[in-house]
Amino acid sequence: MATEKAALDGLADEKGGDTKAGNIIDAAEHGQAATDQYGRVLIEFDRAAERRLRLKIDLCIVPTVALLYLFCFIDRANIGNAKLAGFETDLGLKGNDYNTVLSIFYISYIIFEIPCNIACKWMGPGWFLPATTVLFGVCSLGTAFVQDIHAASGVRFLLGIFEAGMLPGIAYYLSRWYRRSELAFRLALYIVMAPLAGAFGGLLASAILTLDHFGSLRTWRMIFAIEGIITIGLGLIAFVTLTDRPETARWLTQEEKDLAIARLKAERVSTTEVLDKMDRNKMMLGIFNPVTLSTSFIFLLNNITVQGLAFFAPTIVRTIYPNDSVVSQQLHTVPPYVVGAFFTVLFPFLSWRWDNRMVFFVVAPPLMVIGYIMFLASTEPMVRYGATFLIASGAFAFGALCNAHVSNNVVSDTARSSAIGTTVMFGNLGGLVSTWSFLPFDAPNYHIGNGLNLATSSLIIILGACLWMWMRWDNNRREKVDVDEALRGMSQQQIQDLDWRNPAFRWRT
């Protein structure tokens, strides 16, 4: 152990003062920074020790949050599978009633996005994520007993409240453990559960529908009940398996805890505390960060495609295979999601290895553009089915890429929680739009929905390229700033409060 500790120790910068760390142990202490005022790292890290730590975190943290998010997405999107099994008919839904029920979810989901992520920071992710999982599992279970549109809308509204904190909450949680370059791939390992939920959810719904009954429940009611019970069970288990932060992780040695903390400080200019106190000014800096706002709008455009595909893929399959059984139609929704899941992991993995996320903001959308052109240009069933593979391949990776991108481009923990919450909130405004882009009167070709998604996919390419160029330009501008002059007369706390406005800060593309 002494040898490993010695290997972890680094070299201090000559200009380091009392608040500047000289080694891993010092950097991990409260009140110590791991960079100088220019953003230069004051310590060196043992790459082998980092690899061992990273693998340990991967195995202990990621599987639990991935399972929670899998059933979060299943409980949200299983209404599409229920629709094929008679949900509309049994509840007497007519016209746009189904779309109204979908929209109710997004109203509460959007409103509570940022408050839930702030609550996640305040409570601690180790408590917040399991608790909210149990609650949205109860909502899914409750949906099995609704009798009309009013009850269905009420339960969906509650579901939106309790699911609002999951995507941004897990993204924020993982930012407590990983370096900026590592984060996108780890986010992908749980966000991949969204396309897998489309695949696994279809398989699970098909299996459930083979049952004659579940207690007194039949057909689509069994889907909500069984999946809700599974979700509640996972939430209860997560209370035991999740831990808030490296300092409280019983499965890390003290040397590993110090290394985990020092790694994070080394990427945050002049930061002396990884977890800062709640601060309104820092929250505003996270929300109104130019990269946060730009990326949030890109995520909004992308989510019009993602959520639309999640809710209406079963309906699209039904128009392609109208004479197949319900179970067969459910199974036909699976393959596009499997392919989409592959690209959801591939693109963020490459972004980790290349340490560049912006390139995929430009490379991925053309796959969606081609897919929607195929939808609009052809009425051949197999051509349209093939288009769903291209759309899923380009669309699903943005959840990881966008959240990692905004997390990478703020400094403080408070700004990070509000930035991620803002991004997901905007993204789900896109989900709200998608519920009204595939309307009954436009069936079976859905020219409006497919045309809208073609436009949004094209716009993502343009906005992604513009954001990339602006970030490079602003970094060049910052290189010319005299940091000493800009920070003259400021205290250590005032410098920390600058966050991304610190002239020593550089945007991470």
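Keep in mind that glycine also has a Cβ here, set from the backbone N, Cα and C atoms.
According to TrEMBL, the feature domain 'Major facilitator superfamily (MFS) profile' maps to 61-476.
Look at TrEMBL and you will find 57-79 (among others) tagged as transmembrane segment.
Marked as transmembrane segment by TrEMBL: 99-120 (among others). A Cβ distance under 8 Å defines the sequence-distant neighbours of the transmembrane segment (99-120), meaning residues of its chain 6+ beyond its ends; these are 76, 79, 93, 128-129, 132, 149, 152-153, 156-161, 163-165, 168-169, 172-173, 278, 283, 287, 311, 417-418, 420-422, 424-425, 428-429, 431-432, 435-436, 439.
Summarising the annotation, TrEMBL assigns transmembrane segment to 127-145 (among others).
Using a Cβ-Cβ cut-off under 8 Å and counting only residues 6 or more beyond its ends in the same chain, the transmembrane segment (157-175) has close neighbours at 61-62, 65, 68-69, 72, 75-76, 104-113, 115-117, 119-121, 125, 128-129, 132-133, 135-136, 139-140, 142-143, 183, 186-187, 190-191, 399, 403-404, 407, 413, 416-417, 420-421, 423-424. The transmembrane segment annotation in TrEMBL covers 157-175 (among others).
Tertiary proximity for the transmembrane segment (187-210) is limited to same-chain residues at least six positions away from its ends with a CB under 8 Å from its CB atoms, namely 58, 62, 65-67, 69-71, 73-74, 77-78, 81-82, 85, 167, 170-171, 174, 219, 222-223, 226-227, 306, 309-310, 313-314, 326-327, 330-331, 333-338, 340-341, 344-345, 347-349, 392, 396-397, 399-400, 403-404. Annotation source TrEMBL lists transmembrane segment at 187-210 (among others).
The transmembrane segment annotation in TrEMBL covers 222-242 (among others).
TrEMBL lists 287-314 (among others) with the feature transmembrane segment.
As annotated by TrEMBL, transmembrane segment applies to 334-352 (among others).
For 359-379 (among others), the entry in TrEMBL reads transmembrane segment. For the transmembrane segment (359-379), same-chain residues at least 6 beyond its ends with a Cβ under 8 Å from one of its own Cβ atoms are 298, 302, 305, 343, 347-348, 350-351, 386-391, 393-395, 397-398, 401, 445-447, 450-451, 453-454, 457-458, 460-461, 463-465, 467-468.
Look at TrEMBL and you will find 385-406 (among others) tagged as transmembrane segment. Proximity of distant same-chain residues to the transmembrane segment (385-406), defined by a Cβ-Cβ separation under 8 Å and at least 6 residues beyond the stretch ends, is recorded for 167-168, 171, 180, 183-185, 187-188, 191-192, 194-195, 198, 289, 291-292, 295-296, 298-299, 302-303, 305-306, 309, 313, 316-317, 320, 332, 335-337, 339-344, 346-348, 351, 357-358, 360-361, 364-368, 370-372, 374-375, 419-420, 422-424, 427, 453, 457, 508.
For 418-439 (among others), the entry in TrEMBL reads transmembrane segment. With a threshold of 8 Å between CB atoms, the same-chain residues lying at least 6 positions outside the transmembrane segment (418-439) that come near it are 96, 99, 102-103, 106-107, 109-110, 113-114, 116-118, 167-168, 171-172, 175, 282-284, 286-287, 289, 292-293, 295-297, 299-308, 311-312, 315, 399, 402-403, 406-407, 409-410, 446, 448-449, 452-453, 456.
Within its own chain, the transmembrane segment (451-470) is flanked in space by residues 290-291, 294-295, 297-298, 301-302, 304-305, 308, 358-359, 361-362, 365-366, 368-369, 372-373, 376, 391, 394, 430, 433, 437, 509, which lie at least six positions past its ends and keep a Cβ under 8 Å from the stretch. Residues or ranges marked as transmembrane segment in TrEMBL: 451-470 (among others).
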